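Engineer: To start, I am sharing the structure in question, which I have written as structure tokens.
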Amino acid sequence: MPLYGILCLVIVFLELPSSGEAGFCSEAYSCSRQCSTRERYTTACGLFDWQRCTKHRTKYYSCSNTCYCQICCQGYTGSDCNTPLCFGSISCLNNNTCTDPDQCSCKIGYQLPKCEDTNECFSNNGGCAHTCTNIPGTHQCSCRDGYTLASDGRRCNDINECSTGKSQCNHNCTNTAGSYTCTCNAGHELSHDGKTCDDIDECSQTPFPCDQQCNNIPGSYTCSCGTGYYINTSSNTCKDVNECDTGNHTCDHICTNTDGAYQCSCLTDVDECLEGTSQCSQNCTNTPGSYTCSCENGYVLAADEYTCNNTDECQGVLCENGGFCIDLIGGYTCSCAKGYTGTHCELVSSKW
Ligand SMILES: *[C@@H]1O[C@H](CO)[C@@H](O)[C@H](O)[C@H]1NC(C)=O
Ligand SMILES: *[C@@H]1O[C@H](CO)[C@@H](O)[C@H](O)[C@H]1NC(C)=O
Ligand SMILES: *[C@@H]1O[C@H](CO)[C@@H](O)[C@H](O)[C@H]1NC(C)=O
Ligand SMILES: *[C@@H]1O[C@H](CO)[C@@H](O)[C@H](O)[C@H]1NC(C)=O
Ligand SMILES: *[C@@H]1O[C@H](CO)[C@@H](O)[C@H](O)[C@H]1NC(C)=O
Ligand SMILES: *[C@@H]1O[C@H](CO)[C@@H](O)[C@H](O)[C@H]1NC(C)=O
């Protein structure tokens, strides 16, 4: 404790100001001084020291005393003893002013008695929306990642990373409180970096999305079908082309549709009429794979459809007056009895 102007004067003057005021005060302390006493003693004296004489001498010794020294009155210091002392120092904590003994004048943000720093964060988080940091004399608010401190220094405003371009989302950015999420267009998936959108290869997925052929394209895929099939675009399935129905085939004779293709089968016609293998008794007409028989005038095709029978034109014909009918090829004639004539022997012959 530096005490300025300690000047101890042994009982020089004694000023006793009332306590609590600046100035000098006296302090009593125990000191020692030289005291003396006269002491009688006997000693040998006279001729040959045969006599005893009584003598006196002064004896000095140290004796205790009360001394006073001038010091600064309680609570003050300095050469004039008018600098107040606060809790042993001429200033208060944190550069605050000591106005009177043990009386600090604290700036805002410091608290009595010694102007210790007030931790504003203890009360209501210092008014901060997110993080409060105490600093000497005041405090400071700060915000979590993804937020900026508002102009009032307390509230925290969400940063829209999508509009600031900080997000770097490949396709689509959605701002969220304190953050953001990237999403991808259809047919793409978000890669591990959370930003890049990678094309999904639908053709390598299970189940295989197409009936037959798959072609991956950015963001999607297309299906196609092999020869002999057509794609149904609404169901994305392959359907068989019926080449026999559509006419897109090369069959001469018989076309049979199969799955994905078609088969031709052939008719090899033999002309039975020309080869003489027909059983026609008269006319022969070749047909694909077969033949038909027909008959000349005056003949009819028999029930067997091969044979030609002569038509019996005499059926139902009546030759009169004893005549009789003779069947001819394609006709008939009546052979009349003697004395008759006419087609049916109905006339009497004039020449007798
Ligand atoms: C006190 O004030 C001095 C001078 O102005 C400065 O250098 C020092 O940093 C201050 N100390 C505190 C705790 O404020
Ligand atoms: C982006 O995402 C939002 C929210 O999910 C959605 O409404 C919007 O349609 C998307 N935009 C694009 C281009 O994908
Ligand atoms: C295509 O598929 C849809 C749905 O399966 C069906 O309704 C439609 O008839 C099909 N069209 C053809 C030409 O096969
Ligand atoms: C007919 O078939 C050929 C060969 O298979 C094919 O190239 C062509 O497109 C088809 N035409 C029609 C009209 O189906
Ligand atoms: C039978 O064949 C002959 C000779 O080829 C022909 O003149 C006649 O018209 C044929 N008759 C029939 C019924 O086909
Ligand atoms: C054809 O002639 C044969 C033998 O003369 C006879 O048996 C057959 O009944 C006749 N057929 C017809 C349809 O006249």
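Each Cβ is built from the backbone N, Cα and C atoms, and glycine gets one as well.
TrEMBL: automatically predicted annotations, no manual curation.
Annotations for this protein, taken from TrEMBL, read as follows:
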type     : residues      : note
DISULFID : Cys106-Cys115 : disulfide bond
DISULFID : Cys336-Cys345 : disulfide bond
DOMAIN   : 82-116        : domain 'EGF-like'
DOMAIN   : 117-157       : domain 'EGF-like'
DOMAIN   : 158-198       : domain 'EGF-like'
DOMAIN   : 310-346       : domain 'EGF-like'
SIGNAL   : 1-22          : signal peptide
Engineer: Report, in whole Å, the straight Cα-to-Cα distance of Cys106 (disulfide bond) from Cys345 (disulfide bond).
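Structural biologist: Cα-Cα distance, Cys345 (disulfide bond) to Cys106 (disulfide bond): 173 Å.
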Engineer: What count of other C-beta atoms do you get within 10 angstroms of the C-beta of Cys115 (disulfide bond), across all chains shown?
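Structural biologist: Neighbour count, Cβ to Cβ under the 10 Å cut-off: 23.
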Engineer: For the disulfide-bonded residues Cys106, Cys336, Cys345, which residues place their CB under 6 A from an atom of ligand 4?
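Structural biologist: What lies within reach of ligand 4, judged by Cβ under 6 Å, is none of the disulfide-bonded residues.
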Engineer: Tell me whether Cys115 (disulfide bond) sits in a helix, a strand or coil according to DSSP.
Structural biologist: coil
Engineer: How many neighbouring Cβ atoms, not counting its own, are there within 10 Å of the Cβ of Cys336 (disulfide bond)?
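Structural biologist: Excluding its own Cβ, the number within 10 Å is 21.
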Engineer: Distance check, please: Cα of Cys336 (disulfide bond) against Cα of Cys106 (disulfide bond), rounded to an integer number of angstrom.
Structural biologist: 175
